[in-house]
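Asks: Here it is, the structure, as structure tokens.
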């Protein structure tokens, strides 16, 4: 079905099947669809409301069009959809180093700031990591440092057909959901934060359709796209071969001290770099450390290193207190700079 017919179908209030969504994405990612058609499709989907099948179908094509990163072994990603406008520091990036220090191999996929001041690419660059590596460079980091970063714009060349349209229409679209589902290293273990609780269910079902091995989709109290300390957090756990399981978790349930969102605020790149370093070095002992530990615990559950969040917290604390998490950062800085 041509994308023109799919636009008409959506405008009439009908959902696309996973296959139809994939067909539309194929036209977009190959430049067959015109900019006007891309804008119309994205806007129509936004107004109708994207389904899990539509998200999965388009993500499947986006994965296929990405430049692949090859690694022999299970991989973990920690990321979020963004859009919470909360101004927190780079929690999932900090959690990635803690999880790596506990033994998980982390293939982090991210970009520069979109809705915030400092994205994962920005803070990693500020920390001294070389962020614009090719696939071979990232694979080397995974093998030698236990963690690697894939700069999204480097690995998704087909996005050149979409980027200008997204900037011009200026609304959140299905592509905000697709980024976290399009890891070029095909990481099948994942924590995925969403700011919109309605999107959490859709993302969990999309991950299931895409064959995730083990993933935790989280929606933080107060509308954050991270687990937070201020109240009950929604978790939807996805395991291969099992229906997604929904539950809530609070900081107090795990022995962590509750704290308001304001205690997790970050700032510009230099501020967030200092915060990440303070946590990984053991200098920071307050709420920022606790929220990084909590999100690292979730990552370790998703990576199948921990049976539950309580065990994950123990492993995360050990990673920090032993210096292993900081060592992963220092090693990534070194390995990513080879042959630069």
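Including glycine, each Cβ sits where the backbone N, Cα and C put it.
According to Swiss-Prot, the record shows the following:
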type    : residues                           : note
BINDING : 80, 83-84, 88, 90-93, 108-116, 120 : 5-phospho-alpha-D-ribose 1-diphosphate binding site
BINDING : 80, 111                            : anthranilate 1 binding site
BINDING : 92, 226                            : Mg(2+) 1 binding site
BINDING : 166                                : anthranilate 2 binding site
BINDING : 225, 226                           : Mg(2+) 2 binding site
Asks: To see if you understand the setup: which same-chain residues, six or more apart in sequence, place their Cβ under 8 Å from that of residue 166 (anthranilate 2 binding site)?
Replies: 42, 173, 175
Asks: Going by DSSP, give the three-state secondary structure for residue 109 (5-phospho-alpha-D-ribose 1-diphosphate binding site).
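Replies: Assignment for residue 109 (5-phospho-alpha-D-ribose 1-diphosphate binding site) reads strand.
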Asks: Going along the chain, which residues six or more apart from residue 80 (5-phospho-alpha-D-ribose 1-diphosphate binding site) have their CB under 8 A from its CB?
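Replies: When sequence neighbours closer than 6 are ignored, residue 80 (5-phospho-alpha-D-ribose 1-diphosphate binding site) has 92, 180, 192, 193, 194, 195, 225, 226 within Cβ distance under 8 Å.
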Asks: Could you state the CA-to-CA distance between residue 111 (anthranilate 1 binding site) and residue 88 (5-phospho-alpha-D-ribose 1-diphosphate binding site) to the nearest Å?
Replies: 16
Asks: List, in sequence order, the same-chain residues at least six positions removed whose CB sits under 8 Å from that of residue 88 (5-phospho-alpha-D-ribose 1-diphosphate binding site)?
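Replies: 224, 226, 261, 264, 265, 266 - these are the non-local Cβ neighbours of residue 88 (5-phospho-alpha-D-ribose 1-diphosphate binding site), listed in sequence order.
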Asks: Does DSSP give residue 80 (5-phospho-alpha-D-ribose 1-diphosphate binding site) helix, strand or coil?
Replies: strand
Asks: Drop a 10 Å sphere on every Cβ of the binding-site residues 92, 111 and tell me which sphere holds the fewest other Cβ atoms.
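Replies: Each of the binding-site residues 92, 111 was scored by Cβ atoms within 10 Å; lowest is 111.
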Asks: Suppose we draw a 10 Å sphere around the Cβ of residue 226 (Mg(2+) 1 binding site). How many other Cβ atoms does it contain, all chains included?
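Replies: Neighbour count, Cβ to Cβ under the 10 Å cut-off: 27.
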Asks: Just name the most isolated of the binding-site residues 109, 112, going by other Cβ atoms within 10 Å of its Cβ.
Replies: 112
Asks: Using DSSP with the three-state reduction, classify residue 88 (5-phospho-alpha-D-ribose 1-diphosphate binding site) as helix, strand or coil.
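Replies: In the DSSP reduction, residue 88 (5-phospho-alpha-D-ribose 1-diphosphate binding site) maps to strand.
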Asks: With every protein chain in view, what's the tally of Cβ atoms within 10 Å of the Cβ of residue 225 (Mg(2+) 2 binding site), excluding that atom itself?
Replies: 27
